[in-house]
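To start, the structure itself, in structure tokens.
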Amino acid sequence: MTILALGINHKTASVNLRSKVAFDDQKRQLAFEQIQHRALAESVVILSTCNRTELYFHNAEITPREEHEDNIAWREQCFEWFAEIHQLEHNELRECIYFKQNMEAARHLMRVACGLDSLILGEPQILGQVKQAYQYSENFYQSQNSHISTKLSRLFQRTFSTAKRVRSETEIGSSAVSVAYAACGLARQIFDNFGKLRFLLVGAGETIELVARYLIQHGAKNIMIANRTPQRAETLAERLNTPMQILSLSALQIGLNQADIVISSTGSPDMLISKEMVEIAQKQRQFDPMLLIDIAVPRDIDENAGELDAVYSYSVDDLQHIIQRNMAQREQAAEQAAQIVDEECKAFFEWLKQQQSSDLIKRYRQDAEQTRQELLAKALVALTSGQDSEKVLNELSYKLTNSLLHVPTQALQAMAKSGNSQGLQSFSKALKLEEQ
């Protein structure tokens, strides 16, 4: 039995190549069907994000020994299929792809789900993406009146509980390490209740979208967006499914006069909010506390605005200091998280070994039972036909003993022939022959 992780990520491949191997819904469905048709795996889970594409295969028929020719051939078949479905040259792909098996594959999956392998250390979104990937796989196999193999399913369930444990036992996700989240975290330190505050966001790009999502998530209800192109701001509001007041840049003063918190991130080469504009706004607001966070480079907000009474002003440089401090905390937490992953990975493989021994014992008992029933049936026929009962029973016991000992005897002879003294000793110890 082998679990194989095959993939590429932001560490091994460019954005261009990562985009070529991404799985949309249609290609994911095709992949499931092809893998099943070609018998590449008993089950597979496909994880596809902007930073990684990884497939987790479980094949019960493949030996776990990586150097074995069957294992090597299977890996190559998986690789060739992966190149084929994405219509890529082998050479282009081979330089960027990685294979991890069994213990390393399980550890890698757990590290991925915990955010330890992410571009932004500890980012929480990846766990949801791993769960969604598992759900896609589960849905496919259910549609085929089947299910994900027990061992692969157990690995993913263990992974989810490991990620939950990492979040609860470490500080890996407690501090912001992106500019957008750091800005919002700073706002939460200064103001308590976002639901009662008025926000002015200047710009409508990716950073402002992240800021808006964070604010909404933490209860913000009153948001204005000012942008050079109002239509882009309207599109952002629609995408966030949240009513927002849209302003043009020429109406910035109107927004400032109402805002408790201003967060700005545009690509403008010119300053958009002067100290004088903030001063006018403060008079309108009766000098209630105002927070200005300027994420833009070059600046959108006059750096001297912070000299005004009740105005708190922060720049992107201030946020970078916060991020560096938080990143150091996350790196320390990541060491704790890695220890948890190792513990959980070992625990999973202990379960797997127990499961494999249980399966082996079950098959051995089934074979023995089949032999018993076959010989018993022959003995009953002989007794019914009037043969001597003592002779029939002796023959039954003799044949049963020979049948049950035939395979173990062959194994002993093979070990003796190959000079496997350790195997012979273990066999003798298991059968308690040394004590006799």
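Glycine is no exception: its Cβ is also placed from the backbone N, Cα and C atoms.
Not measured: the values here are computed from a predicted model.
For the recorded site, Cys50 (active site, nucleophile), the DSSP three-state label reads coil. What Swiss-Prot records for Cys50 is active site, nucleophile.
Residues near Thr49 (substrate binding site) in space but far in sequence (CB under 8 A, at least 6 apart, same chain), listed by position: Ile126, Gln129. The substrate binding site feature in Swiss-Prot is assigned to Thr49, Cys50, Asn51, Arg52, Ser118, Glu123, Pro124, Gln125, Gln129.
The annotation NADP(+) binding site is assigned in Swiss-Prot to Gly203, Ala204, Gly205, Glu206, Thr207, Ile208 on the grounds of sequence analysis. Its Cβ placed at the centre, Gly203 (NADP(+) binding site) has 27 other Cβ atoms within 10 Å.
In this structure, His108 (site 'Important for activity') is part of a helix by DSSP. Summarising the annotation, Swiss-Prot assigns site 'Important for activity' to His108 and lists sequence analysis as the type of evidence.
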Integer Å distance between the CA atoms belonging to Ala204 (NADP(+) binding site) and Asn51 (substrate binding site): 24
Around the Cβ of Ala204 (NADP(+) binding site), the count of other Cβ atoms that are within 10 Å: 25
The one of Cys50, Ile208 whose CB sees the fewest other CB atoms within 10 Å, among these recorded positions: Cys50
Pairwise Cα distance for His108 (site 'Important for activity')/Ala204 (NADP(+) binding site) [Å, integer]: 37
Non-site residues, in chain order, whose CB comes within 8 A of the mean position of the CB atoms of Thr49, Cys50, Asn51, Arg52, Ser118, Glu123, Pro124, Gln125, Gln129 at substrate: Gly115, Leu119, Ile126
Residues flanking the NADP(+) site, with Cβ no more than 8 Å from the Cβ centroid of Gly203, Ala204, Gly205, Glu206, Thr207, Ile208 and excluding those residues themselves: Glu209, Leu210, Val211, Leu236, Ser265, Thr266
From recorded positions Cys50, Ser118, Pro124, the one whose Cα lies nearest Ala204 (NADP(+) binding site): Cys50
